[in-house]
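Look at TrEMBL and you will find 47-74, 75-102, 103-130, 131-158, 159-186, 187-214 tagged as domain 'C2H2-type'.
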């Protein structure tokens, strides 16, 4: 017959082992999730659309995308009237109205409305740059980044201001430029209420309310004057 204290010792050991196994299982599951997300960053998209330069990892993916250039945009957003060629495109867009962000980064907990946005963001943590420029060899985390970069080689400026005809290689630069004509200043300083046209200008302005001063490169003549 086994002593009672022996049974208690065995029971305690089993509880500890079960607890350890539970912790290990939890870590493994979390690791699998991160591994799957990381593995997606290694997917090199080699099939390129000849109409918009978007790239895909499979011929099937390219063929599905290719059809969107000819398919009518029949999925209508009831909130803003914007149309989409696919239901997935509409569903992803609807999240911009509802504020839903179901895709979370395992590194910094930032949330995203679309899985594609999460995948690109994760590459900024891992350093993966699978989209490589064929001209200079520079790598980028997304096809969109590569497409913008390629314009520095081609000189293409597809975004043209309708007011003055000035052209830009990136759409956000046109958006910022348009505010010169409209007078729009959407970025407001929380300290003094001053409104500015660009987010960069607001960040620079905010330094005036702190003890931090931006680094200003001085000319050689200034340095010589200071040293005399």
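Positions of Cβ are set from backbone N, Cα and C atoms, glycine also.
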Overall pLDDT for the domain 'C2H2-type' (187-214), taken as the rounded mean: 87
Residue distribution over DSSP helix, strand and coil in the domain 'C2H2-type' (75-102): 12 helix, 4 strand, 12 coil
Positions on the same chain near the domain 'C2H2-type' (159-186), where near means CB under 8 A and six or more residues out: 148, 151-152, 195-198
The domain 'C2H2-type' (159-186), counted residue by residue under DSSP: helix, strand, coil: 12 helix, 4 strand, 12 coil
Cβ contacts under 8 Å made by the domain 'C2H2-type' (187-214) with residues that lie 6+ beyond its boundaries: 176, 179-180
Helix, strand and coil residues within the domain 'C2H2-type' (131-158) as assigned by DSSP: 12 helix, 4 strand, 12 coil
